[in-house]
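Student: Taken from Swiss-Prot, the feature ATP binding site covers G125, T126, H127, G128, K129, T130, T131, and the record attributes it to sequence analysis.
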Amino acid sequence: MQAFRQRIRQTVPEMRRVKQIHFVGIGGAGMGGIAEVLLNEGYQVTGSDIAESAVTSRLISLGAKISFSHHAENIEGASVVVVSSAIKGDNIEVITAHEKRIPVIQRAQMLAEIMRFRHGIAIAGTHGKTTTTAMVAMIYAQAGLDPTFVNGGLVKSAGTNAYLGCSRYLIAEADESDASFLHLQPMVSVVTNIEPEHMETYHGDFEEMKQTYVNFLRNLPFYGLSVMCADDPVLMELSSQVGRQVVTYGFSDEADYRIEDYQQTGFQGHYTVVAPNGERIDVLLNVPGKHNALNATAALTVAKEEGIENEAILTALAEFQGAGRRFDQLGQFIRPNGKVMLVDDYGHHPTEVNVTIQAARQGWENKRIVMIFQPHRYSRTRDLFDDFVQVLSQVDVLIMLDVYAAGEQAIAGADSRSLCRSIRNLGKVDPILVSDHKQLAEIVDQVIQDGDLILAQGAGNVSKLSRELALAWGKE
């Protein structure tokens, strides 16, 4: 795989009046990725957040000045202020920027400016977009095209979630959570799937959400390309409304790029893609699950349609190490009750949790799955409560952490205790509720057996907890 090299660029002439860019909420993966690209383009970058993180540490090492509190003076000297979707209008830095007539823009608006004079490839969808974005970036890098990319998660092969390349290609994850992906005007758009999620943005109306995706796809020029998963009935319903060229992929017999003969051996997948011209392409993946075969085939479809040779595509996919926190194997560990495997996964929607469990079942046959699950947001737990009950009942042992609020107020009946009660009533698994994280390591040791696969699942700080376990246990 081509090595990734960071280079300092000159600022683009189109933003020549912009000298200093301030990010409010700079520690988010999406915000940090854009900040990193701008740092490498030569801009002065400042930012603020409430806590240090791996993202902020990396940005500081690259020259960003970051404050870990929100104060009016933090925006001193800023030409523009970029805000994450988590930042409210009453933030003191946002208020001060308005008072000083400094432009305040959304993260996606800045991404759109970076994309404006490049050949943009935007990957959207409820599930799989981070992994698909990483796969597309790796394919273009393997082909020697040196793309710029901005992803919502770590691209392991590159050691970062953002990179400034020399070529005209920009590959970016497109965020539907606040509908800000409507700012983007790419040449190629990918939509992996559409499910009801972030419904507060869409006023609880799935029809509004679907129309927003159509509008996103209509941002393509008339000669642009829309890539859609043929397995998703919602996407197929919308495909005729886009008014742009549509190419499909998936397991469906109707897919233009059709997946056949998928098999999983351990955590490795292999299958064949039948292209529109009848060409048969054998694919090897070192990430498990049919969902990853779909992600890889989306990336393959983009690359084939843009004229990239099979050798680069297949090499990149075979060497793909995964995206950060997507079935992230932390290692095998010897515990008092035997040897176990610990995996960290970001999935926090029932569909995502389900495909992770299925991939683990295929790769860890005849072994128990012990899940440490942390619900993310009370609103999501409420809206998808019954789905969570069904999906979480599939594991052999369930350790339930309290809901990670992500700034939300508690909602009656949508807490972890209520979830445990309903799962217990279903009668398939008896959940263990752990409210004190200090007790987690002891409880895990009590329930595990030799050969178990431990899945630390969720979008909150369960990842940090799983890594603390790994550090305390030491690798085999």
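Every residue gets a Cβ built from N, Cα and C, even glycine.
For each feature listed, report its degree of burial, its nearest neighbours and the pertinent distances within the displayed model.
Tutor: Within 10 Å of the C-beta of T131 (ATP binding site) there are 31 other C-beta atoms, taking all protein chains into account.
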Student: Neighbour count, 10 Å Cβ-Cβ cut-off, for T130 (ATP binding site): what number do you get?
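Tutor: Looking across every protein chain shown, the total is 24.
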Student: In sequence order, what residues of the same chain, 6+ apart, have a Cβ less than 8 Å from the Cβ of G125 (ATP binding site)?
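Tutor: Once residues fewer than 6 apart are set aside, G125 (ATP binding site) is near T132, E176, V190, V191, T192, N193, I194, C229.
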Student: Residues with Cβ closer than 8 Å to the Cβ of G128 (ATP binding site), same chain and 6+ apart in sequence?
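Tutor: Listed in sequence order, they are T192, N193, H291, L294, N295, A298.
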